[in-house]
Amino acid sequence: MAVMTPAGDYRTSYREDMTIFPTRNSRLALWLGLALLCAAPLVLGRYELGLLVNIGIMGIAALGLNILVGFTGQISIGHAAFFGFGAFASAWLHEQFHIPVVLCIPLAGFMTALIGLVFGAPAARLKGLYLAIATLAAQFILEDFFARAQWFTGGVAGRITEPFELFGWRADREESFFYVVLAFVILMFVGAANLMRTRDGRALVAVRDHYLSAEVMGINLAYYRTLSFGIASFYAGVAGALYAHYLLFVSVEAFTILLSIQFLGMVIIGGLGSVMGSLMGAAFMVLLPEAVQMVADALAGGAIDRALRLGNSISFLREMTIGAAIILFLIFEPDGLARRWRLIKAYWKLYPYSH
Amino acid sequence: MDWSLLLQLTLNGLIVGALYGVVAMSFVLIYKASQVVNFAQGEFLLVGAWVCWWLLTDWQLPFWAGFLFTLAFMTLFGMILQVVVLRPLIGEPVISVIMATIGLGIFFQALMKWIFGVFAKPFPPIFAAEQVSVFGLQVQTVYLMSLGISVLIMAGFAWFFTASKHGLAMRATAFDQQVAQSLGVSVPKVFAMSWAISAVVSSVAGVVVGVVNGVSSALSFYGIKVFPAVILGGLDSVVGAVLGGLIVGLLENWAQYIDAEWLNWGNMYTIAPFYALILILLVKPYGLFGTKNIERV
């Protein structure tokens, strides 16, 4: 995956080769984008901000899954359970030990990472299909645990959580919580982008590309497979904790296998092994149901609406479009939105000589 | 100890286990022939059961006619799925193929909910006598029918793979695609055929379960219960799949018995097979009877 830079590759040092944002324009775009996002709460309404917050939270979780699936080549169909575990863990830590929410969120991440390592222990020896099945089992076991562990999750009734608070500043509305999520998104994404530039990150990619060769080169397979499972769970836990303190209420029903599938869909649609792609995939997955809703609203009252009973079955239509989107992307654009984005960028860089 | 309850649950376990075995068998069939892990197996049951229900209630067909039409429909359905969705993915990494079948699964599950609603709907009664007595135990007639059908399907599979030309071609393809191709077996045809057979067999199981419990999206959970069964039995063994199904069926019911008598945790019925699955994978990463892949660089 060569990064397209205008008119050749003039790097003369390793330092230059390792930069995340290689050109002046890309750095400029970054600062501009950040400034725009910081100004967003002044312009956008609560609903749009809520969507952005959701994209950020889902993006963090999807990034974790992408480290597992896209970078290490393992698979997990239990990501939503870890996401949920993070949500409950953060709420529980706050209520039980009165730890401030700021600390609860990373702590919940570490707790989830521990649970991830427990279920990741079989993952050290498994791959592909067997791992998919093992994580599927983890999903059902954890879901059952959520419903049963009254002390931890509040059982079937769910658990009320406290809003995020820092030095007396309460983030209990979309306008304020947006900045919290933004800060976490930046932290987690820079973390992931940097992870991929370290020895450990390259080891993960080596395990994905050819695990036998990686082992021959002295990479400890079991260690790195388990490690990537732990990192993925950490990301899921942090995202789940953010989710809990955003909604101010967590209950078991939110973390079903459908959400796990949605996370996998984000990774596939965004692009396997692409850090930015995870965020794009999350945005796609969050906005897709909105688009379905808009189409249904536009058709409401018409003949099509009456014939197909669109109004009553909007949730099924959403699920159907999610399934269809996953299949269509796999068939027609297996490298996901990240590749599309690179193509668009390359087109404009080389314009008007793009062919 | 409540012996009659235990006996009843064991019988239930065997009957349900035989159904799991049938579904697991059709799962293994797809995996062996085309190396695709089908996460949409449960949706085959669901689609088959709903189509049959629709033919029987909306069209008022007699059971045998509706059943035959369902089988014909499922043949086409399986083939079309393979050709349209799975064929373009040949050669893609295993994660992509798994994701495609998962996508198919949620697509069809949502489609069925959209068309037929979320509530369980009962089949019109098929047998005159609701219950018959076997060795002093009251057994529903449909259960007996389901056991009979399961055994019939298993025998059919055994005959198909050992004596029929197509079955032998399928086994050859599963063994080595290139060799099979050079011997004149059309590999794409075998792939399509394996999906068609798998869909048909699953839909039979779907109709049977539908007749017993009513048709609802809960049917697709059978597709998930298949995984403990195939991990127990080994992914590439048809006999193992049947055994695995029976074991899972018994395990569920015994877990429920133990739970009801001593533990009182609730919900062990659904969760116990998954605990067993994790334990087995910890000890034997390729399942109990599965062949270990020896990879050469």
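Using the three backbone atoms N, Cα and C, a Cβ is placed for every residue, glycine included.
If you check TrEMBL, you get these features:
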TRANSMEM  B:6-29  transmembrane segment
TRANSMEM  B:36-56  transmembrane segment
TRANSMEM  B:62-85  transmembrane segment
TRANSMEM  B:97-120  transmembrane segment
TRANSMEM  B:140-161  transmembrane segment
TRANSMEM  B:190-214  transmembrane segment
TRANSMEM  B:226-250  transmembrane segment
TRANSMEM  B:262-283  transmembrane segment
Within-chain partners of the transmembrane segment (B:226-250) [C-beta distance under 8 Å, separation at least 6 from its ends]:
10, 12-25, 27-29, 31-32, 41-42, 154, 157, 161, 174, 273-274, 276-277, 280-281, 286-291
Can you find at least 3 Cβ pairs under 8 Å between the transmembrane segment (B:36-56) and the transmembrane segment (B:262-283), where each pair is 6 or more residues apart in sequence?
no
Interface-richest range of B:6-29, B:97-120, B:262-283 toward the transmembrane segment (B:190-214), CB pairs under 8 Å:
B:6-29
Out of B:97-120, B:140-161, B:262-283, which stretch touches the transmembrane segment (B:6-29) the most, going by CB pairs under 8 Å?
B:140-161
